[in-house]
Amino acid sequence: MKPAMETAAEENTEQSQERKVNSRAEMEIGRYHWMYPGSKNHQYRPVPNLGDRAGPLSSPGCFECCIKCLGGVPYASLVATILCFSGVALFCGCGHVALAGTVAILEQHFSTNTSDHALLSEVIQLMQYVIYGIASFFFLYGIILLAEGFYTTSAVKELHGEFKTTACGRCISGMFVFLTYVLGVAWLGVFGFSAVPVFMFYNIWSTCEVIKSPQSNGTSGVEQICVDVRQYGIIPWNAFPGKICGSALENICNTNEFYMSYHLFIVACAGAGATVIALIHFLMILSSNWAYLKDASKMQAYQDIKAKEEQELQDIQSRSKEQLNSYT
């Protein structure tokens, strides 16, 4: 009997509050008619809210949709993707042209016999084909990592409803972590390898600067300042001439092939370094995303168990209330 009495009391309280609100509104309308007699036939019309007026820029949900879309953009992955694309493009483009210029310099000045540098020409041609493959692979791989960043960001921030992820998705994220780590180590080797031609061209350029210096002009020792490319191992020791000295070496340094190849090798080395930084950035992002997915999946499992227990508790309480009402 007690619950029924409490319910009746609550209903009486609500009805009294509604009567107070209605009487207050009627008093306000009566006061308005008393102050303005000509408005007795006027019917009270509520003023529409500004939010009720739908416009092209204030459509319901438009602003929230834009905020949700911007919130789902993985900005860290986007920056890493742009850096990776830029580094790979610089390395592949500049490296390809610089290798072609290096072959031209060797054929014209250091190895006039084609058979002496035939192996080097084949290796450089193979490296140019490898550059094509590297550019294609990293273009695709960068897009895949960016898509994985969108997936992880949407899953963690619950942008499309409740948190949803699968064991396969977490396994794919872990696989990307391992693959990015391997590629990062490989690109460290590429970065070190790309510094070798920069070192070689720098030695030739510094030797030319010594020849051009005022202390060396007019002396007989200028013709004794030489550069022997055979000591770097890129052409065999029986290659002719293999060694260039004096004014001939200065003429090589003044050619467009040498100038372009030297600076393009520097840019290619910088591009390889940028790619290494981008892969390290990707590795940090993928590791954190994988950890977030793992923790979020555990939290989701805990919330599911908790919701199930609360539902069972509510069912028990509802059944106990029904039994109590049946007894009363």
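Just so it is clear, glycine is given a Cβ too, placed from its N, Cα and C backbone atoms.
Taken straight from Swiss-Prot:
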REGION    1-22  region 'Disordered'
TRANSMEM  71-91  transmembrane segment
CARBOHYD  N113  N-linked glycosylation site
TRANSMEM  130-150  transmembrane segment
TRANSMEM  176-196  transmembrane segment
CARBOHYD  N217  N-linked glycosylation site
TRANSMEM  265-285  transmembrane segment
MOD_RES   S318  phosphoserine
MOD_RES   S320  phosphoserine
MOD_RES   S326  phosphoserine
Whole-number Å value for how far S326 (phosphoserine) lies from S320 (phosphoserine) (Cα to Cα): 10
Residue among the recorded positions N113, S320 whose Cβ has the most other Cβ atoms within 10 Å: N113
Alpha-carbon distance [S318 (phosphoserine); N113 (N-linked glycosylation site)] in Å: 97
Distal contacts, the transmembrane segment (71-91) - CB-CB under 8 A, six or more residues away: 131, 134-135, 138-139, 142-143, 145-146, 148-150, 152-154, 157, 159, 190, 194, 267-268, 270-279, 281-282, 285
Folded-back contacts onto the transmembrane segment (265-285), same chain, C-beta under 8 angstroms, at least six residues removed: 74, 76-77, 79-81, 83-84, 86-92, 94-95, 98, 138, 145, 149, 177, 180-181, 183-184, 187-188, 190-191, 194-195, 197-198, 201
Which listed residue (S318, S326) has most other Cβ within 10 Å, given these are modified residues: S318
Between S326 (phosphoserine) and S318 (phosphoserine): CA-CA distance (Å): 12
